[in-house]
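Novice: Right, I'll just put the structure down here and ask away after.
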Amino acid sequence: MGMQGRSFARQIRAYVSLTKPRVVELLLLTTVPTMILAQRGVPNPLSVLSVLLGGAMSAGAAGAFNCYIDRDIDSKMSRTRNRPLVTGALSPKASLIFAWMLCVISVLWFLLFVNWLSALLSAIAVFLYAFFYSIVLKKRTPQNIVWGGLAGCMPVLIAWAAVTGSIDWPAIVLFAVVFLWTPPHYWPLSIHYSEDYRLTSIPMLGAIFPRKLVVLQVLLYAFAVVACTLLLIPVAHMTPLYGLFSAVLGAWFVYEIYRLYVRVVRGHEIKAMHIFSLSNTYLSLVFLSVGIDGVVSQLL
């Protein structure tokens, strides 16, 4: 590969990195199971593909806007100093244009290939993350990721709306599951990178509050998440199979966070990133259970 080819490949990698692909992957993980539950069976594959592509562009646009807005503070944090706007791989102007292009294309995509409600929800999701979280909340309140987490819940509503053309109670419960899951997911991260957040004056809970208090709140939110997953049983008429899965997964999730809390109370060293990673697994398995239940209920 010549110099031009390598340069082009680096540019592509930089633009992909700008979209925060790992976050996109996590958001899309909730999409297919939600569509299966809404359909009470396997939806049209083309419909699923359309929603996944639109969702990837929407989430990618939100990530790109966030990288543009946070480019100054990203340079001060070890976790983010390799992002393309910090390294100079992309210019701020090019990044902003790319973010707007993805945003507009994602909304038009949903409008043309899915429906108007998912297009509207997609636009709201980008606005919530790029403006409400990144500009209004992030530097102002320790509750930033709680309310900023609203954006991360939107793929569930988009997926449900794509199938039904409406927002129903099961979708709202799933929305609440992701909303309540967000603090137990991100606050352990803020504990691990507390020094980074202090250097940038971002008031993340894990950076400015005592660890004992932070982990206690993580534990309380974990109980709330589990309660919400169980609430789905009567609301969405889930089968006993889902009830068993959600109860076992919930007990495991709460137990692991309780173990972390005990270590903090006793003054021991903690590995907060263990809970960060574990929370990803927990949410993945909960939504996998939702998808399985949607297929099983069709067969009963």
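Even glycines carry a Cβ here, placed using N, Cα and C.
For reference, Swiss-Prot lists these features for the protein:
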type	residues	note
TRANSMEM	21-43	transmembrane segment
TRANSMEM	45-65	transmembrane segment
TRANSMEM	94-114	transmembrane segment
TRANSMEM	117-137	transmembrane segment
TRANSMEM	145-167	transmembrane segment
TRANSMEM	171-193	transmembrane segment
TRANSMEM	213-233	transmembrane segment
TRANSMEM	235-255	transmembrane segment
TRANSMEM	272-292	transmembrane segment
Novice: Grab the same-chain neighbours of the transmembrane segment (94-114) for me: Cβ-Cβ under 8 Å, and only residues 6 or more beyond its ends, written as numbers and ranges.
Specialist: 15, 18-19, 47, 50-51, 53-55, 57-58, 60-62, 64-65, 67-68, 71, 84-85, 122-123, 126, 130, 158, 162
Novice: Give the one range among 117-137, 145-167, 171-193, 213-233, 272-292 whose Cβ atoms make the most pairs under 8 Å with those of the transmembrane segment (21-43).
Specialist: 145-167
Novice: Short question: which residues 6 or more past the ends of the transmembrane segment (117-137) have a Cβ under 8 Å from it?
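Specialist: Apart from its flanks, the transmembrane segment (117-137) reaches 51, 54-55, 58-59, 61-63, 65-66, 69-70, 99, 103, 106-111, 143-145, 147-148, 150-152, 154-155, 157-158, 161-162, 165-167.
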Novice: When you look at the transmembrane segment (145-167) alongside the transmembrane segment (272-292), do they share 3+ Cβ pairs under 8 Å, ignoring any pair fewer than 6 residues apart in sequence?
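Specialist: Counting Cβ pairs under 8 Å, fewer than 3, so no.
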Novice: List, by number or range, the same-chain residues at least 6 past the transmembrane segment (45-65) whose CB is under 8 A from its CB atoms?
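Specialist: Those are 18-21, 23-24, 27-28, 31-32, 35, 95-96, 98-100, 102-103, 105-107, 109-110, 113-114, 118, 122, 125-126, 129-130, 134, 151, 155, 158-159, 162-163, in sequence order.
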Novice: Which residues of the same chain, at least 6 past either end of the transmembrane segment (171-193), have a Cβ under 8 Å from a Cβ in it?
Specialist: 30, 34, 37-38, 77-79, 145-146, 149-150, 152-153, 156-157, 160-161, 204-207, 211, 214-215, 217-218, 221-222, 224-225, 228-229, 231-232, 235-236, 253, 257, 260, 270, 272-276, 279-280, 282-283, 286, 290
Novice: Using a Cβ cut-off of under 8 Å, list the residues of the same chain at least 6 residues beyond the transmembrane segment (213-233) that approach it.
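Specialist: Here the qualifying positions are 170, 173-174, 176-177, 180-181, 183-184, 187-188, 190-191, 205-206, 242-243, 246-247, 249-251, 253-254, 257-258, 260-261, 264, 270, 275, 286, 290.
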